[in-house]
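Have a look at the structure below before the remarks.
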């Protein structure tokens, strides 16, 4: 969408600056029209701006400051054209029909200007939010951020020219401005342009009441046309006609209407106007919907519930339903007997409806003394005994008085019916404590406790009088012998205050004429401390997680005591077996623990608590508290050792049991379940999680690796899980599983030329062998076990070094091939291993026919094997191994470890094996050399000093 807001050029202000004077020079031609106060307010800001750009302005011939004003509606989409600064500043030819009175530079197209024009905001501030400026064409467009006038001007407040964009709203007007500072470059076309964008309001907000329920109270005597302001008018962020314009009621109830008043600030307030006569007694409340409507097109509405309450005034007086009531009373009626009750009604509320009753002054004093009127309830009771001289008819005029009212009047006509015969008399004489006709007995009184004597008699002396006890209760009325007409009232059962506190019985006397008389006896039991407190739960099973916070709440004890008053007041105390860090509030019964509990230290606590009442003597009961401390995962798995060492013979079978890794976890349940795993070397070793058994998946070869260092991790089953690690060292013990390996001679088919002139005792050659085992398993001995040749016994081998020397001088008959079968044997346990090699010595002055010698070598030699065992040597033949000073120690420790493996012995072996392995690896890295022990004094030919043929 592409559109354009209404744009017009404002008055232009030209200001030039020079360091010589620092005074602004006004272009009066540009001030021909009246300037707004805003332009004058902006002069200080322009002064400060050119103060900082002074070096540029002084180089220019002149500079101009210009204001442009645009207007557009709020809520426009992105890309709407607001205005073209280049056209409105007359920097480019204007479109047809557009005129501007601003005098600018000569009009040339932007493309023809060299250098080209550049438009930019003075600073970047908020410009990217609301508008975009094309740096080349100078066109202003709306950005993707939608402009909301209410959000900008109601929240942004007053703006200024201090940045590239600011917001301005005048409290005295409805204007809402975006203020921009734009620079036009290069220097020869320099312009400092102030752009004002007026944001026009649209009707995009509905009126809204601040509360959803509005209450207005109107007295019921309010006259017609009474005006009451509604204190919560609706608010509309829009302005002008888009704001709230009018109010109306959905239902006026034919009693009300609404009026709207506007103050000098333009604010509209709704007023409720009474249009009819109100009567609270007819209807005390009216409910309607108040609607606020703005002036937009179409208009938007807002509503709230309006409740109109009618307040009471004293506009009603008491009224009796009947003007006269007729009642009768017997002459033998007892004092306190209700005679009649009058009631008046006042339709008002509260104090306006309070009614008091009184006798009229016309009522004789004798009638007032005989009949008592309750001024609050209007009940008339017999106040004194009716005598024989009392008038038979009494006219009681009763007034009902209300506040501010004339009393209402009614008459009670009381007729007394006289009894012809005098009734029997009942004369009580109380034994128990009696006050105002109420007998007080303690609940722990024993059975047959006497209460009172009753004398029954006939005043006329003519009739026989009988009596009996009427009513329920543990009482008995029986004749008291030997007297006549004397009766004793006593208890028959134990009494319990907690079951029943009050009894009402009657002693009834009647004569032969059938005339009855009752004497009401009220018995009030007094409470004794006969009940101990009772816990609702005699056994309290509680739980709490360990590591609790100090003073943690455990439970609230509750015990009941059926006794009353202080006898039923219960206090709570800890038993003597309770630990000191438990606390019990004696009043509330709240049980707490003051310290942090540790399940691993103690899992269960069992102690007693007491509930004691305040009676005399006090009674108490005991309950048992069983507190179980629940486990939390606060303990990591713990290995019994930080480091484990195991000695395992090499070639140990796969999945054989190497050793047990013992680990414990002090927690319980899942928190104490421990899973073991191998962190490293898991491709070789595995551990049984349940038993902790460490196994090797494959057979281990000491010659490939003499020791292994593992890390085993133990993880418990808690949430979150805790873990720990332990170091496992596995040392492989050597077994004699490698026979000696002969390195020289390299083959049974090789031979050596020995000159006949060789002197006796001279070294001829040597046999060189190595053994990959260690210790005694690597100690090598050499021996000749077979000979063949002209005189093969002329040669001897050193059992330790393997050097072969000439024992006797060679004769003419000794020429030819001498073959020695050499046995190379170790000293391993339990079976020594050996290898054999054939040493071929050709005695001659020269090798003239090699094919002949080779044919001799290919023949199977007939050699008799000598049974002589080689001499055992305790020193190894490895020259490199001889350098290892700890080999004797290793031999001794290996023997000892077979019987009892201890940690110290194992570590010694481990250290020595590591040192031996280091030297052994050095041997492997060296080239195999075959030195001869001693100087070989052979007469060498120039062609072949020493000929060794390898076939």
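Placement of Cβ uses the backbone N, Cα and C atoms for every residue, glycine included.
It should be emphasised that the depicted structure is a prediction, and the values quoted were computed from it without experimental measurement.
Now, the feature entries from TrEMBL:
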DOMAIN    64-209  domain 'Cadherin'
DOMAIN    210-320  domain 'Cadherin'
DOMAIN    321-535  domain 'Cadherin'
DOMAIN    536-639  domain 'Cadherin'
DOMAIN    640-742  domain 'Cadherin'
DOMAIN    746-863  domain 'Cadherin'
TRANSMEM  43-62  transmembrane segment
TRANSMEM  890-913  transmembrane segment
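Each residue in the domain 'Cadherin' (640-742) gets a DSSP state, and the totals come to 4 helix, 48 strand, 51 coil. Per DSSP, the secondary structure of the domain 'Cadherin' (746-863) breaks down as 19 helix, 48 strand, 51 coil.
Broken down with DSSP, the domain 'Cadherin' (210-320) shows 3 helix, 54 strand, 54 coil.
Mean predicted confidence for the domain 'Cadherin' (64-209): the pLDDT average there is 74.
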